[in-house]
Amino acid sequence: MSTTPKTYDIIILGAGTSGSLLANRLSEDPALSILLLEAGQDHNRDERIYTPGLNAQLLDNPSFDWQYISTPQPGIEGRTVKQPRGRVLGGSSAINSFALIYPSAAGLDAWADLGNDGWDWTGMKPYFRKFQTVCAPSETVRRELGLSHHDESVRETCGPLRACFPQVVYPRQKVWLETFRTLELENRVEAMDGKALGVCISTCHIDGETRERSHAGNAFFAPVRERANLRLVCGATVRRIVFDKEADGLLNATGVQYTVNGVEHQVSVRKEVILAAGVFGSPQILELSGIGSPRILGEHGIDVAYANPNVGENLQDHMRAALLFEAGDGVEFEPSLPEAEARRLYETSRTGPWAERACHTFAYMPLQQFLSAEEKEGLRSVLDKHLTGPSLSPFEQKRNDFVRRMIESPNEATATAYFALDARPMSD
C-alpha cells in the first residue's frame, strides 16, 4: 500500500454521467481540492466513442463496458441478460445509443414521495434545459417531422452537452408518425414538459455541427481537466470507503482505498466522499465498505459497519424485446454502404450512415388504451396478486402503489416502442 499521505476535500467515486458533471461544478470553487476516481480509461478521442456509426463496437468490449450479466431470471425461463454499463471516462453516456428521452412528471414525483425531497418534477424540470444545448433541426426536417412544438425549448437550452434532431428524414420515420396518429397517440407537447405520452421524434446527444458523440466525459470534464484543484485517476478500482463510527452509531467517511495496476492506495478526505459509481457499482462499493444487508455481507465475510437491507434493492429497470415483421411490397430500405465508403463520407464531410446511426423515433403507450373491459378486469386481478401482500414492507407497498397507478392510468405510458433506423432486412 502506498504510504504517501494524500488528502482531498472531496473524493468522487466514478467519472461517469454524474461524476464528471459533479467534478466540473464542484471544482469551480478554487478553495476545494477534488479527486475523481474512474475504473476505466480516458477514451475521448477513440473513434469508436465519438463516431455514432461505430457505437456497436463499444458494447461487450472490456475496454469500454463492465460486461455485467444478470443471474438466471425465472421470468424468462432461466436465461441471463447482458447489462452494458460504461467503464470509461463519461460512463454509460459514452457507450449508449444516444437517445435523450424524458420521464413523466408523475415518475419524478414518485421519487419525492418515497422520501427524496427536491427530486420531484418541479425541482428537476429546470435542469433538462440547463444540462444541454439542442441544435435546431433544418427547416426540411422540422417541417416533414412536425417539430415546430420544440422551437421554444430549443431556444431555452443552454448547457455543455450537445444534442440534435435527425440530420435527414427517412420515409419510415414519417410512416411511424402517421401510424401513431391513427391510434390517437400523437404528442404535440414538448417532451421536456413532463408528458411522456404518444409518438415523438427525440433528440440524441450528438453534436449537430461536428456529428460526434457528446457525453459527460467530453462535455463536462474535458473543459475543466486542467484546473489546478482537480485530479483524475483512471484505472482506479475502489476497494472500500473508510469510515469512523461516531458516538451515535452513525458513520463518518474519512477516506477511500483503491488500487491502480494492482498497487493499493489510500487517500483521506476532509469533507465528503461522493458515490457516483453507477447503478451496480455504487451499491457494490457500499457493501464492500460494510454498509448493506447483514445477510449478504455475512455471506461474503464482510463485517457490518451499518446495517441497511435496502442497499442494492429496488432497481427499476426495463426489458427490451425486439419485434420482427415482414415488410410490404414496395417498401424500400436505404442501401448499405461498404465500410470504406461510409468512413470516407464521415471523415471528409461528417455525412453518411456513420454520422447518424441513432434512434430518434419513439412512442410512449398507455396500456389501458389497448384493453377491452374484460382484459382490464383481468389486469386488476394480476395486479392484486403481485402488488399486494402482508409480507411487503411499507416502502415496498408505497412503491407498488405507484406502479399500479401508472399501469391503470390512461394518461401514463407503460411501454415504450422505438424504431431503429439502421435495422436491415434479414436477407441483407
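Using N, Cα and C of the backbone, Cβ positions are placed for all residues, glycine too.
For reference, TrEMBL has these:
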DOMAIN    8-319  domain 'Glucose-methanol-choline oxidoreductase N-terminal'
BINDING   Thr17, Ser18, Val88, Val238  FAD binding site
Report task. Mind looking up the mean pLDDT for the domain 'Glucose-methanol-choline oxidoreductase N-terminal' (8-319) in the predicted model? Result -> 94
Requested in this report: Tally every other Cβ atom lying within 10 Å of the Cβ atom of Val88 (FAD binding site).
Outcome: 30
Query - Farthest-apart CA atoms of Thr17, Ser18, Val88, Val238, residues recorded for FAD, distance in Å - result: 18
Report summary line: Across every protein chain in view, the count of C-beta atoms other than its own within 10 A of the C-beta of Ser18 (FAD binding site) is 20
Requested in this report: May I ask which residues of the same chain, at least 6 positions away in sequence, place their Cβ under 8 angstroms from the Cβ of Thr17 (FAD binding site)?
Outcome: Gly86, Gly90, Gly91, Ser92, Ser93, His215, Ala216
